[in-house]
């Protein structure tokens, strides 16, 4: 028995001249049903609410205004669930709607509640259908077409594998739709490879278009938690059917050999940093090579405004992110402490190692 998280993006659910959105969902549902009947557990993370809402209102263009986007999402979400409910119930399955926001997963208690609820639904043999709560999300629908959400959900339920379906057949060194010499990438083994790909994406190279950058970020989150990530072609439902039966397709992102525990993964990925601490070389070395806590003496600059025990980024002198953690002092207290530390021998702990996660840990 395997525990799968399957993510279906907006581009695949728009429909085309060959298939309507309802027919696309019907095809995916047949694959998911077969997996459930084999005894697997499956969580579906799906986009598509805004598009269906636009269709219902007769809008030819996706709204730009945030309130209009939230309104179309509210209209479309009911239609989206109705399509999945109809397709799965015809095959004898029950579905459950789970709507999440970044603030839900950023609260440790609500994260644990979401995890427990999803696991209970899976124990009952139910198919949880997860989407961002676009109608209420204060982050202006910026989760990244649910890529990041799917990785956080996979971590929360401790999935074996995350399947991200997209409109290309695998990862390439550059966009194959505009570069005929783009090279296919079948395997990504190490966080350093992910880092190189993310840099290339930022420069318009690998995954620089079509929302691929967010898929790289999602792969980093999931693989750091010990989850295998499969990026594959979602235009052909038979690809999904094969993946759910263990056949290989697309690009495989292999899990980190020393995965983060659930709490550390939450610290590293579910929280949105509210500030940044720039460290000196000595502090960077202590964190990276000695497993130390961050002491006040190692903090050179403080950016942003935050309260005590809120998340911050830790960067090296070159400005590269080294780690994330919960700062024991508020930004105001920390700035004052930095100014006065020359007159005292005390160097209190700013981020304890128990609530600190290295970027490539």
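Placement of Cβ uses the backbone N, Cα and C atoms for every residue, glycine included.
Feature annotation from Swiss-Prot assigns ATP binding site to 7, 166, 167, 209, 210, 211, 212, 213, 214, 215. Residues annotated as substrate binding site in Swiss-Prot: 47, 134, 146. The domain 'PUA' annotation in Swiss-Prot covers 274-345, and the record cites sequence analysis as its basis.
Reduced to three states, the DSSP call for residue 7 (ATP binding site) is strand. Nearest Cα neighbour of residue 134 (substrate binding site) among the listed binding-site residues (167, 212, 214): 214. Counting other CB atoms no more than 10 Å from each candidate's CB, the binding-site residues 134, 167 peak at 134. Confidence for the domain 'PUA' (274-345), expressed as mean pLDDT, is 92. Within the set 47, 134, 146 that the record links to substrate, no two Cα atoms are more than 11 Å apart, and one pair reaches that distance.
Shown for the domain 'PUA' (274-345): DSSP residue counts in helix, strand and coil, namely 26 helix, 26 strand, 20 coil.
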